[in-house]
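In what follows, a single structure is set out as structure tokens and then discussed.
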Amino acid sequence: MALLLAFVMGLPATGWAQQPAEGEGEAAGAEGAPQEGEPAADRVDDKISSLISERVDDQTRKRLKEEGRVVLMPSFGEIRKRLAGQGQSSAVIYEAETLYTQGIGLLTAGENEQALEVFQRSVELMEANLSDLQNYEVLADALANLSLAYFLSGYDLDGRKRMKQFAHLRPAATLNPEKYPKDLLEVLAEEQAKVTKAGPGKLTITSNVEGAAVFIDGVVKGQTPATVEDVGFGYHYLVVRDGKGGVFASQIRVRGKGKEQTIDAQIASSGGAVAGGEEGASDEMPSYYVDLLTQLRKGVFDANELQPYFSELAKQAGAPYLGWVLMHKDPAGNYIATPFVWRAKDSKLIQVKDTKFNFELSNLTLGVNQMSKDIAEALETMPEDQAVVQVSLKTTPVATNTGTGTGTGTGTGTGTEKKDPVVIAGTGTGTETGTGTGVGTSTTLDPPPEVTEVDRSKRRKLMRNVGDDGADTFVSGMPAYQDAAVVSVRVTEPGAGRILEEANGEISERSVRIPDVPFGTGLRLEMDILNGAGEVLASGATPQFDFDETQSSRELRMMVMPLNSFAPAGSVVTGQDNQQAFIQSRMDYRSAFELSGGETDIWLGRVGHAAVPTSDGKVLVVGGANVTPGTAPGAIPKFDNVYSDLQIFDPRTGYFTDLSYDEASDQVRPDGADRLVDARAFHTVTPIGNDRFIVSGGYNTLVDVTRPVRSLELIDLNAEPGQRVQPVTDSTGVNPLQTLAPRGFHESVYLEDSGLLLMIGGIGEGSEDIMGDIEVIDIANQRVLDQRFPLNTARTDHQAVPLADGSIWIIGGRNNDAVLGSTEIVTPNGGGFDITPGPALKQARYAFSAAKISQGDGTRVVVLGGFTSLDGEPTATYEVGVKGLESFVSGPTWAFGMARGGLQALVLPQTQDILLFGGRDASNNTIGSVERLQFLGLDEPNPYQLLAADIGSFVVDRRDATFSLMTSGQVLVVGGEGKVRDVFVALDSAELYNPRDPIVP
């Protein structure tokens, strides 16, 4: 049993001191120890002499060697030196280069698919460990061979993508025509020509560390702040080193054409210097290792949170077991040594029993002998009763058995066709769009055809002009619905449930007049098209608006659609030939097109985005990602692209607008303004009032490795253009706030009275890292609370519903082992929170939908659908919870038509009916229909009754989309995963749904 005994830690006031290994590095020294001067409040104890740590370290290593049951590995520093001496900078890079060699052999043998897997893993390891990579020639050649493996395995587009990356790195390279197919060689030549034509960009590399060394593709480019003007268009690898172990590493995209780009390389503090006599070792220690030491020295840690650090250390050192000893003192003045042993194969952590020494250390030898035996025995048996997850040497540790389980999740696909990055956008129509025009809606989602640069320029100009004067935005005249006889028009105040004025007119009259429109706020103009029997055929409404004495008139536009129907969002536009055509709108590609340096195969389809309505009737879409297909159930998806854009959908024009695009200058705003600082997906966007939103959590990628995001960002739509997205900072206004524990797939709730944002549950660093706490951000006072509030049960895929009494109801979800039927009530209590068990669900479920019921005192919740097993078995049941009862309430007939998990429910504000959208069935197929539950009242035997099991189907079936109820009363459906030409892709389009929710006088 080989053990890497990493360190013996004490907490001396003057810093850490540790004894180096004896005899040719056969025992571990203590590398990367934290720096002196860290606040004593974070320490287990601050009065341990450095000599004590040295003596315990020295004698423990000697005794373990004498025991003979443990094989002590060389120190981590020695391992790194040996690997560097062999030409590899780390064990991970050694593995990557070994895989590269294996891939060459597999390709030669014709084992293309196996070669694909091996090369993919090799490239992933190198890109994820750029700070350790020395030989970039291997990475470049691995990309070329990966391209070939993809192509020969039938993945044409992936092969082309990787060949383009190779061309960016090696714009003058030639490849063997006997090995590489003609198609790939043509891709290489075309992309190299593009690189040559674009020329280099102008990069400014800044950093929080002045004088840090800058490397691009392994070549030294100067010191920060550095200006680099010899790196060509395309993808490259940037590494910035501070010379003290701190490293910034990222894949970057150079725009070329001499365009200026500034990249800020924020280097995290290395956290410490190396003791033990290894001169210069601190410069070599990776940041994750120093971060691990920094956390462990506090004496309070969570093994699940540190698991990625343990795994990386074990992997790089090749150690099946890690061990360390923490030295501290009890109130009586006794010295206590607490050993730990961590096993790599199952991430099991054992806290070995304490060994106590007296003040004079007269029993040092006896104590070390016993501790060494305890460590050896723990290594042999890994006893369950000593397994821990949460560790606190300030209190008695709680032994917690660890376990394994399964989870479920979703995966989405990637596009397979080239996309025109610029499309005409506008407002969608019903199934027929105009009297006398005969213009019908187009519902195809085929990617637009490739266009010339001249045509693209014309389209961009046309897109900017759509809706400017209204002439080209809507078909004039009343819609020609069959059997239409009467038009009914109303001015309403939806918030108060009032009809202020109304008038009716015959279709043949072609106009309806309301003589006196009252002044007011939150008004809405509504229209119904009825047949001769008074049945509503179609309806529409404007977004809510204000109308006051200063306005003599007000131009209003609305979208009229058939009842209970979907229509693609888009516009009817008039071309230069004066012919009208419906153009389906997609995401605004203008900024993406310019930021890419002119790429033509950009795709902005997305899942994992957030969509929130705004006060002016629009919908804000934030971030998201295009994910790689084939994600395992319960796993965090791997992203092809993660987006930082903010897109606004305007129902008055029907198209999306990227906030980062400056219409006046016809270009992207400089310095990434009005975009997220950190691109992210599966995050939350939480309204905090007055069109202001907090963006928290989620995941992004660094060199193809998915990582959770710690940063917090504020979106303020009332701010000046260019200032609408800002990092949330501390009270100085300078230092960005970061969460204590990064997470995604969580729930966020804002408490208006206290100005607190709660991030609840979710998934952390890895798919099995289910979060069991609440993190609190004090928005009002610009700080992150240093205390995380533990839940009774860790959970994700749950719901958190704010109640009228100020409490929050956390419901259901799953963890790695089970689907959860438990609930918890979070109640603010002074500066903290009381977290108590709530009523239990009748049916455990996750990936369900929940909503507060308005009837009553606002402490009642309905939950609907979801999955009831980790295998993905959906349910069609609903149940109602009342705060204070022992359990939720349900009945044998409390159900809707189709079992579905991963659905979204929307409550209509006037009728309180519930719409059920999307989801998946038991076979993981997308459900494209809508159901409506009519609210009958909580006093009825069935509070909800299925009004219709199928009241409209998507134009294109999509799952994992967002559904937003706009102030017009229509529902906007954005993105999600669907099929284009029988291939699953993340969609860049939107649809509208018309449920009609009338105000009843």
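Cβ atoms here come from the backbone N, Cα and C positions, even for glycine.
TrEMBL does not curate its annotations; it predicts them automatically.
If you look up TrEMBL, you'll see 1-17 marked as signal peptide.
Sequence annotations record features per position, and here TrEMBL assigns compositional bias 'Low complexity' to 18-38.
The region 'Disordered' feature in TrEMBL is assigned to 18-45 (among others).
If you look up TrEMBL, you'll see 96-129 marked as repeat 'TPR'. Packing against the repeat 'TPR' (96-129) from elsewhere in the chain are residues 88, 90, 135, 138-139, 141-143, 145-146, 148-150, 152-153, 155, 237, 251, 702-705: each is 6 or more residues past its ends and has a CB under 8 Å from a CB in it.
Per TrEMBL, the feature domain 'PEGA' maps to 201-264.
What TrEMBL lists as region 'Disordered' is 399-456 (among others).
If you look up TrEMBL, you'll see 404-414 (among others) marked as compositional bias 'Gly residues'.
Sequence annotations record features per position, and here TrEMBL assigns compositional bias 'Gly residues' to 427-439 (among others).
Model confidence over the repeat 'TPR' (96-129) stands at 88, taken as the mean pLDDT rounded to a whole number.
Residue counts for the repeat 'TPR' (96-129) under DSSP, helix first, then strand, then coil, are 30 helix, 0 strand, 4 coil. Each residue of the domain 'PEGA' (201-264) gets a DSSP state, and the totals for helix, strand and coil are 0 helix, 40 strand, 24 coil.
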